[in-house]
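**Q** Below is one structure. I have some questions about it.
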Amino acid sequence: MSQPEPNPFIIFATVAAIISSAVAYYFFQLSRKNAPVLKPNDFQKFPLIEKTRVSHNTCVYRFGLPRSTDRLGLPIGQHIAIGATINDKEVVRSYTPISTDDELGYFDLLIKAYENGNISRHVESKKIGETIDIRGPKGFFTYTPGMVESFGMIAGGTGITPMYQILTAILRNPEDKTKVSLVYANVTEDDILLKEELNKMAREHPDRFKIYYVLNTPPENWTGGVGFVTPEIMDKHLPKASEATNLLLCGPPPMISAMKKAAVGLGYQKAKPVSKLGDQIFVF
């Protein structure tokens with residue numbers, strides 16, 4: 001007996017089903033690779049994979065994501081929460097990564113270890129391979145290209161971290177024409193964090209980014225500001241108040257209080273108790 005000829009329609013349908021399944025699987029895997037890792041309500045463990053000391057009490061800590069193609073999933077301008085049980089108490093503190101979602105497979109935190117800083121000492125104690133608990137994102141500021149024509153920024157100490165993250169996002173995008181002026185205050189020259197990176201940004205983008213350093217205790221032949229950030233320094237080195245300008249602040253509370261008051265004297269709207277996206281003055 002002769003064998004019946006295969007039904008071409010069945011063959012076509014089978015091949016089409018196989019191809020469709022393969023394509024669907026490919027895009028599923030692709031979406032998994034690019035899916036954000038962070039969960040806003042659940043702490044997850046991330047291993048320390050690298051530690052780079054940048055000053056006597058400050059390090060850049062690099063934490064690994066589950067896959068080398070993962071992104072953290074943190075909008076520019078927002079932060080994460082680190083949680084730990086310390087002396088039988090649950091402690092949570094917020095930090096802004098200095099990396100962005102352009103970096104895949106890891107994220108970087110710049111953390112200064114304070115003598116009485118529970119979480120900062122907790123992170124400092126970690127060895128390579130050990131984990132910390134993180135959740136996020138959190139925060140009320142999200143940067144989008146072109147949201148303003150210019151930013152004025154004032155940072156004190158580790159308050160540089162959200163500024164650096166926003167700066168990186170702006171300057172990496174050749175289509176983003178936002179201009180940034182940063183006043184960065186510290187005690188001594190050795191306390192200036194990310195100085196090489198900031199100076200490189202200023203050299204490579206002189207039309208888009210300018211920085212002015214202020215030190216309480218400057219070395220000899222110092223050409224930057226001396227003492228505290230004053231209204232005169234703000235007026236000279238930051239953009240004038242306008243509807244197209246935002247002022248971003250991050251640093252020690254006494255400094256922030258003084259800067260908010262000085263900003264009003266320079267024509268900025270009074271800062272609100274809790275900053276929201278769209279405020280002319282935003283405090284991280």
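For all residues, glycine too, the Cβ spot is worked out from N, Cα and C.
These came from Swiss-Prot, pasted as-is:
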- 124-139, 150-182: FAD binding site (BINDING)
- 41-144: domain 'FAD-binding FR-type' (DOMAIN)
- 8-28: transmembrane segment (TRANSMEM)
**Q** List the same-chain residues at least 6 positions away in sequence whose Cβ sits under 8 Å from the Cβ of Pro162 (FAD binding site), in sequence order, or say none.
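**A** Sequence-distant Cβ neighbours: Gly77, His79, Thr96, Phe141, Leu248, Cys250, Phe284.
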**Q** List the same-chain residues at least 6 positions away in sequence whose Cβ sits under 8 Å from the Cβ of Glu124 (FAD binding site), in sequence order, or say none.
**A** Cys59, Ile111, Ala113
**Q** What is the number of other Cβ atoms found within 10 Å of the Cβ of Asp176 (FAD binding site)?
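**A** Here the count is 16.
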**Q** My understanding is the cutoff is Cβ-Cβ under 8 Å with a sequence separation of 6 or more in the same chain; which residues meet that for Thr131 (FAD binding site)?
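**A** The list for Thr131 (FAD binding site) reads Lys45, Phe46, Pro47, Leu48, given in order along the sequence.
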**Q** Looking at the binding-site residues Lys138, Ala155, Ala169, which sits with the largest number of other Cβ atoms within 10 Å of its Cβ?
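**A** Within the set of binding-site residues, the most crowded position is Ala155.
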**Q** Sort Ala169 (FAD binding site) into helix, strand or coil using the DSSP assignment.
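**A** It is helical.
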